[in-house]
Amino acid sequence: MTDTLTIVRPDDWHLHLRDGDALADVVGDTARQFGRAIIMPNLKPPVTTTAQARAYRERILAALPAGTQFEPLMTLYLTDNTSPEVIREARASGFIHGVKLYPAGATTNSDAGVTDLRRCAKTLEAMQEVGMPLLVHGEVTDPTVDIFDREAVFIDTVMLPLRRDFPALKVVFEHITTKHAAEYVRDAEGPVGATITAHHLLYNRNALFVGGIRPHYYCLPVLKRETHRLALVAAATSGHPRFFLGTDSAPHAKGVKEHACGCAGCYTALHAMELYAEAFEDANALDKLEGFASLHGPDFYGLPRNAGTLTLTRSQWQLPAEVPFGEQTLVPLRGGEMLRWKSV
């Protein structure tokens with residue numbers, strides 16, 4: 001039995017940091033474990049220009065704890081009106097590493113998202129031309145489609161036409177949750193990758209209803225059946241270079257999670273690598289964690305691997321029940337419970 005695991009310092013390829021006082025409270029959790037992170041642009045207002053991304057990046061760097069080595073990899077929010085010129089400027093910046101596709105209304109702060117991807121054809125052509133990755137929230141928002149089917153329908157109605165029309169466009173299918181998505185990414189032609197969250201590796205949709213409604217397990221895309229969880233575990237632990245770590249850690253104040261109309265998102269930045277270690281250990285695949293967490297992501301994005309390391313030890317510890325979040329608190333996933341791995 002392995003009691004200590006040292007890996008190349010990992011990166012988080014899907015992260016929400018928020019802004020203001022909340023940003024200052026959460027960014028240190030990520031920077032403690034990860035060398036870099038892809039920063040989601042769904043602020044209010046959304047980050048749609050290079051100038052906005054530069055300003056947000058500066059706020060992130062200013063909020064880091066003293067002595068921290070961490071690089072925020074910025075993204076832009078794709079809208080119906082994003083122009084090819086915006087893409088070229090972003091690529092030339094050197095600090096913007098992707099453009100995020102949110103179907104309008106799909107998740108938190110996605111109201112300004114794309115209503116019809118066909119409106120973005122010239123912009124997608126520019127992205128393909130300059131090598132700018134498209135980061136996709138892969139769910140349709142048609143209210144007639146069952147919420148548990150929205151990812152599979154997205155593959156058929158959006159992803160397949162997108163790949164046909166822009167075969168050289170680098171696409172990241174973010175936070176995949178289904179067997180369909182795992183198989184699609186594994187078998188697709190061209191530059192396609194996928195991030196997988198710790199919570200989708202560890203839990204199925206039953207976790208939402210154990211003894212009552214469990215709002216801190218509510219995220220989008222929602223947790224799926226056990227057959228889908230097992231398929232995600234198989235993909236993550238396969239060693240296939242198209243699958244890599246993306247926490248989708250999404251902090252929300254306790255009051256808006258424990259609410260009649262609660263927000264979607266699980267906060268895992270505080271204990272991300274500990275959760276992934278549990279998932280990989282449960283699958284008897286700790287030897288595959290380094291590739292998934294530290295190697296596949298930078299290789300896909302064409303970035304150098306980190307020079308440092310992260311060590312995890314087998315050690316029981318209790319996760320805080322709540323942590324500060326601006327003027328309020330937030331509840332991390334499994335808050336107050338025991339974990340069996342600890343990053344040092």
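From the backbone N, Cα and C atoms, a Cβ is placed for every residue, glycine too.
On a predicted model such as this, the values are computed, not experimentally measured, just so you know.
Taken from Swiss-Prot, the feature Zn(2+) 1 binding site applies to H14, H16, K100, D248. The substrate binding site annotation in Swiss-Prot covers H16, L17, R18, N42, H137, L220, H252, A264 and rests on sequence analysis. Swiss-Prot lists K100 with the feature N6-carboxylysine, giving sequence analysis as the kind of evidence. Sequence annotations record features per position, and here Swiss-Prot assigns Zn(2+) 2 binding site to K100, H137, H175 based on sequence analysis. Per Swiss-Prot, active site is recorded for D248.
Positions of the features from Swiss-Prot, shown on the structure.
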{"residue": "H16", "record": "Zn(2+) 1 binding site", "Cβ neighbours (10 Å)": "23"}
{"residue": "L17", "record": "substrate binding site", "Cβ neighbours (10 Å)": "25"}
{"residue": "R18", "record": "substrate binding site", "Cβ neighbours (10 Å)": "20"}
{"residue": "N42", "record": "substrate binding site", "Cβ neighbours (10 Å)": "22"}
{"residue": "K100", "record": "Zn(2+) 1 binding site", "Cβ neighbours (10 Å)": "26"}
{"residue": "H137", "record": "substrate binding site", "Cβ neighbours (10 Å)": "25"}
{"residue": "H175", "record": "Zn(2+) 2 binding site", "Cβ neighbours (10 Å)": "25"}
{"residue": "L220", "record": "substrate binding site", "Cβ neighbours (10 Å)": "19"}
{"residue": "D248", "record": "Zn(2+) 1 binding site", "Cβ neighbours (10 Å)": "26"}
{"residue": "A264", "record": "substrate binding site", "Cβ neighbours (10 Å)": "16"}
Q) Around H14 (Zn(2+) 1 binding site), how many other C-beta atoms are within 10 angstroms of its C-beta? A) 27
**Q.** For H252 (substrate binding site): intrachain residues, at least 6 apart, with Cβ closer than 8 Å
**A.** C263, G265, Y267, L330
Q | Close binding-site residues near K100 (Zn(2+) 1 binding site), where close means Cα within 10 Å, chosen from L17, N42, H137, L220 | A | N42, H137
Q | H175 (Zn(2+) 2 binding site) to L17 (substrate binding site) - Cα separation in whole Å | A | 16
Q: Within 10 Å of N42 (substrate binding site) by C-alpha distance: pick out those among the binding-site residues H14, H16, D248, and say none if nothing qualifies.
A: H16
Q.
Can you tell me whether DSSP puts K100 (Zn(2+) 1 binding site) in helix, strand or coil?
A. strand
